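So that you can see what the record holds, here are the features copied from TrEMBL:
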- 1-197: domain 'Mannitol dehydrogenase N-terminal' (DOMAIN)
- Ala3, Leu4, His5, Phe6, Gly7, Ala8, Gly9, Asn10, Ile11, Gly12, Arg13, Gly14: NAD(+) binding site (BINDING)
- 204-381: domain 'Mannitol dehydrogenase C-terminal' (DOMAIN)
Amino acid sequence: MKALHFGAGNIGRGFIGKLLADAQVELTFADVSPALLDALNSRKGYDVHVVGEQATVEPVSNVSAVNSAGQDAINLIAQVDLVTTAVGPTVLEKIAGNVAKGLVLRHQQGNDSPLNIIACENMVRGTSQFKQHVFNALPEDEKVWVEAHVGFVDSAVDRIVPPAAAGTTDPLEVTVETFSEWIVDKTQFKGPLPDIKGMELTDNLMAFVERKLFTLNTGHAITAYLGQQAGHATIRDAILDPQVRAVVKGAMEESGAVLIKRYGFDADKHAAYIQKILSRFENPYLHDDVERVGRQPLRKLSAGDRLIKPLLGTEEYQLPHANLVVGIAAAMRYRSEQDPQAQELVALLSKLGPKATLAQISGLPIDGEVVAQAVSVYEKMH
Ligand SMILES: NC(=O)C1=CN([C@@H]2O[C@H](COP(=O)(O)OP(=O)(O)OC[C@H]3O[C@@H](n4cnc5c(N)ncnc54)[C@H](O)[C@@H]3O)[C@@H](O)[C@H]2O)C=CC1
Ligand SMILES: O=P(O)(O)OC[C@H]1O[C@](O)(CO)[C@@H](O)[C@@H]1O
């Protein structure tokens with residue numbers, strides 16, 4: 001099997017690319033970073049540092065890389081069996097044009113073998129959203145062929161992979177936690193289902209996507225935002241702060257109560273899932289900055305994402321949400337010099353004030369109770 005993976009970053013190298021290479025898939029990365037492309041092409045591999053109770057170094061070999069914006073990537077889309085992405089939600093639209101060109105070429109070359117595309121991003125049904133971008137870029141008369149031959153397969157991806165430690169000069173350096181979970185929607189594949197170790201197939205993807213995004217990512221984001229407020233630099237330091245931990249755990253439980261109602265999860269197993277996540281946040285072997293985990297606060301405060309969507313669920317089922325509201329207020333206080341969305345948030349707050357800013361970003365009603373509660377917490381937070 002041949003695969004093209006967009007995004008040779010942390011998840012690309014440390015999780016999805018590694019898993020494909022381990023399964024003997026002939027793997028090419030597509031990226032835009034010259035440093036990554038050069039290093040991958042000259043060394044053809046890299047080491048993955050898996051850290052936990054027992055640290056291991058797992059080599060990845062026989063990989064190569066192409067520029068995702070160039071003709072090589074288009075040519076590969078015409079040939080491979082699998083395309084995966086881990087580029088970040090905002091980049092999917094940017095790569096859609098070249099993916100569409102590759103699909104047109106594939107058709108022109110008479111390659112009717114099934115191709116499956118899987119976006120591995122922190123998004124609800126990210127591949128379906130990517131499909132829309134690809135279809136927007138496709139000529140009208142190619143759409144029927146693409147529908148018939150290309151599977152757009154949604155997935156949930158879970159492994160904490162922070163950027164390489166400060167001071168590392170190797171662009172391929174990557175350190176990952178032991179835990180990993182990649183769950184894909186088996187109902188969306190074209191052709192035979194792949195048999196790749198570490199890729200789990202399900203016909204109930206939404207339950208897994210929401211369980212992951214609205215537990216791990218909800219808790220992680222609130223740890224980051226409250227941690228930054230309390231002056232902690234890392235997720236570990238933040239989650240070991242009892243005041244932060246109480247809110248994070250409370251918010252995951254509030255979100256969990258919605259998931260239990262919606263998907264019928266077993267309450268005890270869900271409580272154990274939350275405990276496991278808290279211990280992953282504490283991982284002493286990972287250095288994960290609160291600034292990274294809180295990145296792109298406008299995305300994280302949007303209606304379908306990890307803070308607002310669980311809160312809307314609590315309203316739907318009339319469940320408590322005091323801790324989620326504290327997390328939302330803390331997100332409004334997130335600051336980062338590196339992050340354009342953090343700058344935009346500051347600009348919005350100073351132009352519109354907190355109430356209108358939150359309503360605009362989240363889609364929550366400006367005169368509703370939740371906005372009033374969040375703004376009241378926000379104002380007490382400095
Ligand atoms: N790091 C983590 O622990 C996890 C990340 N994710 C998700 O995986 C995705 C990627 O995250 P990370 O790997 O952490 O980010 P990252 O920033 O380490 O990697 C993104 C990669 O995409 C590349 N890129 C940017 N523009 C591109 C383009 N036009 N074409 C091709 N490549 C391009 C970048 O050069 C970079 O190598 C995100 O959606 C994230 O939410 C999901 C689970 C875990
Ligand atoms: O990658 P995002 O969506 O910006 O959010 C960061 C989060 O994603 C992860 O990278 C993994 O799911 C976490 O480390 C963190 O919750």
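Every residue, even glycine, has its Cβ placed from backbone N, Cα and C.
Overlay of TrEMBL annotations on the structure.
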{"residue": "Ala3", "record": "NAD(+) binding site", "contacts (Cβ under 8 Å, 6+ apart)": "Leu20, Val25, Glu26, Leu27, Thr28, Val80, Asp81, Leu82, Val83, Thr84"}
{"residue": "His5", "record": "NAD(+) binding site", "contacts (Cβ under 8 Å, 6+ apart)": "Gly12, Ile16, Gly17, Leu20, Leu27, Thr28, Phe29, Ala30, Val83, Thr84, Thr85, Ala86"}
{"residue": "Gly7", "record": "NAD(+) binding site", "contacts (Cβ under 8 Å, 6+ apart)": "Phe29, Ala30, Asp31, Thr85, Ala86, Val87, Gly88, Val91"}
{"residue": "Gly9", "record": "NAD(+) binding site", "contacts (Cβ under 8 Å, 6+ apart)": "Asp31, Leu36, Ala86, Val87"}
{"residue": "Ile11", "record": "NAD(+) binding site", "contacts (Cβ under 8 Å, 6+ apart)": "Ala86, Cys120, Val157, Arg159, Val161"}
{"residue": "Arg13", "record": "NAD(+) binding site", "contacts (Cβ under 8 Å, 6+ apart)": "Phe29, Tyr46, Val48, Val60, Leu172, Val174"}
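Contact annotation for binding-site residues (His5, Gly9, Ile11, Arg13) versus ligand 1: Gly9, Ile11, each with CB under 6 Å from a ligand atom.
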